[in-house]
Amino acid sequence: MASPEMVYRRLSRCDAAWSSSRCDAFCPPTAVDAAMAVKVGPRYLDFCCLPFQCMSRSQQQEYEVERLFSNLNQVTLKREPGSLSSSIFLVAGTTIGAGILAIPAVTQESGFLASSVACILCWIFMVTTGLLIAEVNVNTMCELGSGGVSLVSMAKRTLGVAGVQFSCWSYIFIHYALLIAYVARSSDILTNFLGIPLWESATLFSLVFGGICYFGSQRFIGAVNGVLLFGIIISFTSLVVVASGDLRLDALLKVNFAAVPMSIPIIALSFVYQNVVPVLCTNLEGNLSKVRTAIVLGTAIPLGLFLVWDGVILGSVSTPEMADKIADPLQQLLSTNGVVGPIIQAFSFLAIGTSYIGFVLGLSDFLADLLKLPAGENKPLPYILTLIPPLVLALLDPEIFFKALDFAGTYGVLVLFGIIPAAMAWSDRYSSSSTSIKLPRLVPGGKVTLSLVMGASGCIILSEILENLMHL
């Protein structure tokens, strides 16, 4: 009998799917690698071993891909399909992170109405770039014949060596910056709650949540994310109910669109989830429909929370005069309402926890691919490299929270999750050297959409650079 590794490789080389009745079947030894799935009904696919390259174009168009391979447990040799609900929780949990805590501080000058428009536009932008990453990721899985494809393989295939270097450094930079921010903020909350030294609380947080990522299965991590997300919704609802008692409607009517560009980097940062898209595509076995649903719904939940959160905090600022003197409206609310403080602390900790899990999974998967470790094996080295540096740097500068967020949002998010996904999709779609089977596009609009994504990212980055130079 073939070894588990050989069986896994054979399954992952298949470029299509099996029906639910045959999803656990192995490819016959005589089957070609390009085993395709025949469309026999609106929902089900039947297994076929016809060579795809031997078919005519009209025959090829009759085939569709529901999933590219089976997630195979190498011990039990049983298929372990990813859950759509767990994937939605993973995206939502990753999105609701430290950025939401900084939103009121950067949107108070523009006002609630103007910042709401900015939030919706940033959400559309970030959904688009996430879908572009998913599109390139699944096409790369088809070409390489395996799951677990990270940004390294995607960039190497579409952008070449220079693109790999640029993407790798951008990816590492933004992930470490955000993990530093998460550890710094969470350790501060734990220190205030438990009364222990800062280094103990930071270490405790990193060990507990890092251990969940390393030892937990897909379903366990999904369940943990679901519980944490439920806690976020409960604490968030409590916060809205308590804080809305001091809500002033006139405070919500302030509009200053001229101040909106200054808030975009932090708002865009608040919608970061793209680092888990490769994990998402692997967990959902390359099923494009499920991947699209997980991304759209998983980010729509945070969008609703962001809008309500921003409205409650900005609308609770006592007076316009006091608002002008306070850098962070959240601090004012904490100082004037004793009930709100513990709720905000609980909400903040849960939000950071869910996002921390997503970023640890994304960065450890990236480092495993960068170090060329065997796919499907859970090695400790990527997790050590993921957890230790942010812990050390957060302890060296406990006030690093806002600095890390601002720097990562301006120069990290808009490059790594703005320009690079559009550039990879452009190369993947229109390069003559790309030989992979082209699957349905997740983002419509062709070159116009890709140009808008890259142009918008470049304009915001340039404006931020000019703004910083003017303050030197």
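Each Cβ is built from the backbone N, Cα and C atoms, and glycine gets one as well.
Where the annotation comes from TrEMBL, it is an automatic prediction and has not been curated.
Residues annotated as transmembrane segment in TrEMBL: 88-106 (among others).
Here TrEMBL flags 112-138 (among others) as transmembrane segment.
The transmembrane segment annotation in TrEMBL covers 159-184 (among others).
Beyond the transmembrane segment (196-215), the same-chain residues lying 6 or more positions past its ends with a Cβ under 8 Å from any Cβ of the stretch are 183-184, 186-190, 221, 224, 353, 356-357, 360-361, 364, 378, 380, 383, 386-387, 390-391, 394-395, 398. Per TrEMBL, transmembrane segment is recorded for 196-215 (among others).
Counting only same-chain residues 6+ beyond the ends of the transmembrane segment (227-245), those with a CB under 8 A from a CB of the stretch are 89, 92-93, 96, 305, 308-309, 312-313, 315-316, 333, 337, 339-340, 343-344, 346-347, 350-351, 353-354, 357. According to TrEMBL, the feature transmembrane segment maps to 227-245 (among others).
Long-range contacts of the transmembrane segment (251-273) within the same chain: residues 91, 94-95, 97, 99-100, 102-103, 106-107, 109-115, 117-119, 122-123, 125-126, 130, 174, 178, 295, 298-299, 302-303, 306, 311, 314-317, 320, 323, 358, 405-406, 408-410, 413-414, 417-418, 460, 463-464, 467, each at least 6 residues beyond the stretch ends and with a Cβ under 8 Å from a Cβ of the stretch. Here TrEMBL flags 251-273 (among others) as transmembrane segment.
Beyond the transmembrane segment (294-314), the same-chain residues lying 6 or more positions past its ends with a Cβ under 8 Å from any Cβ of the stretch are 84, 87-92, 95-96, 100, 103-104, 107-108, 111-112, 115-116, 119-120, 123, 126-127, 130-131, 134, 232, 236, 239-240, 243-244, 247, 251-252, 254, 270-271, 273, 277, 280, 284, 329-330, 333. Per TrEMBL, the feature transmembrane segment maps to 294-314 (among others).
The transmembrane segment feature in TrEMBL is assigned to 343-368 (among others).
Through the fold, the transmembrane segment (408-427) approaches residues 99, 125-126, 129-130, 132-133, 135-136, 154-155, 158-159, 163, 166-167, 170-171, 173-174, 177-178, 181, 265-266, 268-269, 272, 274, 434, 443, 447, 450-451, 453-454, 456-458, 460-461, 464 of its own chain, all at least 6 residues removed from its boundaries and within a Cβ separation under 8 Å. As annotated by TrEMBL, transmembrane segment applies to 408-427 (among others).
Summarising the annotation, TrEMBL assigns transmembrane segment to 448-466 (among others). Residues of the same chain lying 6 or more positions beyond the ends of the transmembrane segment (448-466) and with a Cβ under 8 Å from any Cβ of it are 125, 128-129, 132, 261, 264-265, 268, 410-411, 414-415, 418-419, 421-423, 425-426.
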